[in-house]
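This report refers to the structure that appears directly beneath it.
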Amino acid sequence: MQKFMRLFFLGLFFILFMTTQIKADGCLTYDSLCSTMYDKCCTSMKCKGFFFGYCKSI
């Protein structure tokens with residue numbers, strides 16, 4: 001149960017961190033943490049990594 005709670009709060013923190021990295025136009029800047037399933041990187045960038053990664057130039 002404690003492991004689940006830790007995972008839950010880690011996920012919550014990650015979501016909050018993600019939203020602070022998003023610029024006004026709604027895209028993630030270079031080297032921002034991103035999810036490969038929900039790629040919101042700015043133009044000419046792609047989320048590189050396995051499941052989670054960083055926005056890098058294409």
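Cβ coordinates come from backbone N, Cα and C, glycine included.
These come from Swiss-Prot:
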type: SIGNAL; residues: 1-24; note: signal peptide
type: DISULFID; residues: CYS27-CYS42; note: disulfide bond
type: DISULFID; residues: CYS34-CYS47; note: disulfide bond
type: DISULFID; residues: CYS41-CYS55; note: disulfide bond
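Overlay of Swiss-Prot annotations on the structure.
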residue: CYS27; record: disulfide bond; Cβ within 10 Å: 17
residue: CYS34; record: disulfide bond; Cβ within 10 Å: 25
residue: CYS41; record: disulfide bond; Cβ within 10 Å: 21
residue: CYS42; record: disulfide bond; Cβ within 10 Å: 15
residue: CYS47; record: disulfide bond; Cβ within 10 Å: 21
residue: CYS55; record: disulfide bond; Cβ within 10 Å: 22
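Looking only at Cα atoms, CYS27 (disulfide bond) sits nearest to CYS41 among the disulfide-bonded residues CYS41, CYS47, CYS55. Counting only the Cα atoms, the space from CYS42 (disulfide bond) to CYS55 (disulfide bond) is about 8 angstrom.
The DSSP secondary structure for CYS34 (disulfide bond) is strand.
Following the DSSP three-state reduction, the secondary structure of CYS41 (disulfide bond) is strand. Counting in whole angstrom, CYS47 (disulfide bond) lies 5 from CYS55 (disulfide bond) by their C-alpha atoms. The CA atom of CYS55 (disulfide bond) is located 7 Å away from the CA atom of CYS34 (disulfide bond). Under the DSSP three-state reduction, CYS47 (disulfide bond) is assigned to strand. The distance from the Cα of CYS34 (disulfide bond) to the Cα of CYS41 (disulfide bond) comes to 8 Å.
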